[in-house]
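J.: What TrEMBL records for this protein is below:
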type: ACT_SITE; residues: B:7; note: active site
type: BINDING; residues: B:7, B:141; note: Mg(2+) 1 binding site
type: ACT_SITE; residues: B:68; note: active site
type: BINDING; residues: B:68; note: Mg(2+) 2 binding site
type: ACT_SITE; residues: B:141; note: active site
């Protein structure tokens with residue numbers, strides 16, 4: 001299973017592609033950081049992000065896309081841009097016809113380090129070790145995107161199946 | 001000048017199209033509310049919103065798109081969805097090669113009612129009067145989208161020219 005993970009951001013958007021199966025070490029395919037210029041207007045920045053992500057999805061043909069879920073508790077100054085970037089990332093996967101799953105930072109940390117409270121340094125260390133890289137991926141946005149992709153591989157898409165089942169049940173309930 | 005205004009929302013997204021020139025009454029072209037099902041998964045909802053907005057832009061061929069700017073002071077429970085919807089709306093305009101301008105709610109209120117503090121009822125009344133409609137547009141999301149479009153016509157795209165000039169100056173400054 002090949003997964004493309006996205007750590008959404010308007011100024012720096014991390015993208016990491018890994019391959020693997022649940023419970024075994026994953027293999028690194030590639031990682032990137034998409035930058036947009038804060039001096040540019042919003043439409044241009046979202047357009048650049050959309051094209052970059054769409055191109056990377058087309059190039060790597062992942063089986064699934066995993067995107068970090070954004071919370072309003074994040075940095076208030078940047079949270080709107082991050083949320084808009086995450087919308088663009090989710091849409092890029094959906095437009096390619098791929099299943100897109102969102103994970104909270106705690107879910108990713110727990111999957112990769114065993115603790116939902118892990119700090120950035122610990123995350124980078126684990127991603128480097130799990131992918132058997134000679135050096136930590138840089139910048140950190142790329143490490144977070146790789147962690148998201150690993151998290152999704154290891155959970156084997158379970159989450160989206162569960163969510164689909166829950167949706168199904170909810171709709172069934174609403175119909176009655 | 002034909003403007004398509006968007007009042008972004010994930011569950012209800014208002015779209016209003018008007019035609020006019022600065023300082024004169026605008027003419028209503030059409031208005032819509034795009035609904036997405038809260039029971040559906042986020043990727044599906046963003047995809048539906050993207051397709052609907054892209055179709056409406058293609059159908060009405062506006063000269064510009066105006067989108068309400070989202071703040072983190074909005075309702076915290078829904079603000080992330082609203083921000084993601086606004087990202088999708090801005091992107092839909094940009095992907096069609098159109099200039100996209102964002103306005104704060106106060107800017108729109110001031111343009112349409114003369115007061116940045118106007119309430120929803122006053123806004124709807126003014127939109128109905130300004131477009132010489134027999135009845136207020138319903139639901140209110142459509143009225144807000146029409147107000148955004150009127151605001152942009154009356155400001156004659158001034159804002160984006162100013163913003164472009166400011167960007168230009170800022171970049172010139174950064175290069176020195």
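For all residues, glycine too, the Cβ spot is worked out from N, Cα and C.
Relative to the rest of the structure, where do these features sit?
T.: Secondary structure at residue B:7 (active site), taken from DSSP and collapsed to helix, strand or coil, is strand.
In the three-state DSSP reading, residue B:141 (Mg(2+) 1 binding site) counts as helix. For residue B:141 (Mg(2+) 1 binding site), other Cβ atoms within 10 Å of its Cβ number 24.
Under the three-state DSSP scheme, residue B:68 (active site) falls in the strand class.
Cβ neighbours of residue B:68 (active site) (same chain, under 8 Å, six or more residues apart in sequence): B:6, B:7, B:8, B:86, B:102, B:103, B:104, B:105, B:108, B:144, B:148.
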J.: Would you count the other CB atoms within 10 A of the CB of residue B:7 (active site), including those on all shown protein chains?
T.: 29
